[in-house]
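These come from TrEMBL:
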DOMAIN    195-304  domain 'Acyl-CoA oxidase/dehydrogenase middle'
BINDING   T199, G238  FAD binding site
DOMAIN    342-493  domain 'Acyl-CoA oxidase C-alpha1'
ACT_SITE  E478  active site, proton acceptor
DOMAIN    545-669  domain 'Acyl-CoA oxidase C-terminal'
Amino acid sequence: MASSSPSSSSSSMEKINFRTKVLSRHLNHDPTGNKPFLQSSPCLSYAPPELSEPTSFFDVKLMRKLMDGHNIEDRDWLYNLIVQSKLFNPQEKGGKIFVLPDYNQSMEQQREMTMKRIEYLLDNGVFQGWLTRKGPEAELRKFAFLDVVGIFDHSLAIKIGVHFFLWGGAIQFFGTKRHHDKWLKDTEDYAVKGCFSMTELGHGSNVRGIETITTYDSNTREFIINTPCESAQKYWIGGAANHATHTIVFSQLNINGRNQGVHAFIAQIRDANGNICPNIRIADCGHKIGLNGVDNGRLWFDNVRIPRENLLNSVADVSPDGQYLSAIKDPDQRFAAFLAPLTSGRVTIAVSAIYQSKIGLAIAIRYSLTRRAFSVTSSGPEVLLLDYPSHQRRLLPLLAKTYAMSFAANYLKTLYVKRAPALIKTIHIVSSGFKAALTWHNMRTLQECREACGGQGMKTENRVGHLKGEYDVQSTFEGDNNVLMQQVSKALLAEYVVAKKRNKPFEGLGLEHMNKPSPVIPSQLTSTVMRSIDFEHDMLCLRERDLLNRFASEISQRQAQGESKEHAFVMSYQLAEDLGRAFSDRAIFQTFVDAETIVTDATLKSILGLLRSMYALVTLEEDSAFLRYGFLSVDNAAAVRKEVAKLCGELRPHALSLVSSFGIPDAFLSPIAFNWLETNSWSSVQH
């Protein structure tokens, strides 16, 4: 072995001497009189953030009313109803009661608990009028109750949603009076338990391609439903594995050798005793990364016969002698009419995603207002997590986005409950864009909140980490998000083509800005400019306008080169997805501005202005399209980034009030949002 050089030996001795001095100072007082590197300190203690944080600058109750939007008293009634029952697994942690499903239970146990909870809610009148009362007020009450249920447990919300919104909704919208009279009251009372068989093993988003086949026997006046191949098995059918007695079957309808497209039928799959009906095969989809309280199943139909009256016939019918009847002759329009009522699923998913973001942020921000780490001076106290600018930068932009998307969710609900034939297209496009934007935001928010909670974020009882698995599915069910964004772009392109061909102004979907001259963006951005509604609106409109023009131009060029419209669209997917996001961001911003405009309270208006600017500027910062297409110069992009950091500092004193305004009761949050020291104390282990 080669010997060490004198210089390396000297260096080693210096390091040894330094370490010796450090250890000596740790163990003894420094004889020079300097303060020791490490000082003993009293044990950490917990104090509620309400004691140390500034008094709320604005009226929290007023903000909560603005955020929830409707049925505040109904929500609070249901929160209390849930907390009162042992069925919702109340647990004492750190001197507080929390309700949370027991995820240590087996899949089978979780499913049975879901049904017991449904029975409890049913017995207490929660579902009264969900299918038998009409009008916006009844529907908003239903939405409010589903919001609360989802805050407790995703499985419970999905199980209820499938039964009422999918099975019940299909009967409401696809059926006629004979179906309403026979099925709606029994569905509301859970005398029948419904599920919704659309998705197949081989076809999910492409509903038009499903392979289940239904034919008609005019001799017996029955339809015959058949699963012709394995890829046609109905898959991921919520409720099918254990509990459902009936299902809506989506199937190709073949009449006299001619395929009339996708139609919906009612089929019984179990009798009143839970026995599977003849010619029906059912299998379990198995354990999942979340939603194990929902019994997802697979279905095969072996020439199952159902009465002619079980065709849901609001769009098309078959006469007793086997003649196909429909007032809508165009197959494309008929298919669109079948799918139009299904937007309720996208509405409820988008709304529930934002409530989960609220849960994650309320927990992570409350924790960051009591948890300390490191000190910035040798003898100073450790610093609260949320007092670090980097921690503010992680959570507060997401908080602003959640506020913006909460207003978007409220707008979407209002649009849906006031639906009319003239609004069907708008509801489809807006619900598609918002569902994608809000569910993507939720997954990103939950991940950031989980990381911001450190190791405590890994504990199931602290909710945030577990919610990621529970809500991951939202990115793909009721429409894959990427596909939905492409649908939005395709619809915008259709509006563009019509406006240009007819030489008429754009109207609807918020595209009226296309009729005005292109906005001019200042060469230098000041704080005042960046925080103005006009600048923020102009930037979001400029991106949408430019991307729509580029998208239309690229499609046109490809078609001129001989490509089909469909192939041109597929090959232009990058612009399509960018445009879908641009539309959604601008539409969300507009709902924020609309909500802000109606507020008269000055303090509320002031804090909303900060949140709105944060949402807009973070959107500019995060989307590279603003730089890629020259909407922002490099210098202006840097200015936007600095302004976001300034806004974080200005929002920091309001963080507790802003999450308190979510109105989510303490019992529905988690132990680390409160006294995490007592929760983890030895006495709690003994208890």
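Cβ coordinates are placed from backbone N, Cα and C, and glycine is handled just like the others.
Just so you know, TrEMBL annotations never went through curation; they're auto-generated.
Between the CA atoms of G238 (FAD binding site) and E478 (active site, proton acceptor) there is a gap of 13 Å, rounded to the nearest whole number. The Cβ neighbour count for the residue listed as 'active site, proton acceptor', using a 10 Å radius and every protein chain shown, is 26. The sparsest Cβ neighbourhood within 10 Å, among the listed binding-site residues (T199, G238), is found at T199. Residue pair the residue listed as 'active site, proton acceptor' / T199 (FAD binding site) shows a Cα separation of 10 Å.
If you average pLDDT over the domain 'Acyl-CoA oxidase C-terminal' (545-669) in this model, you get 96.
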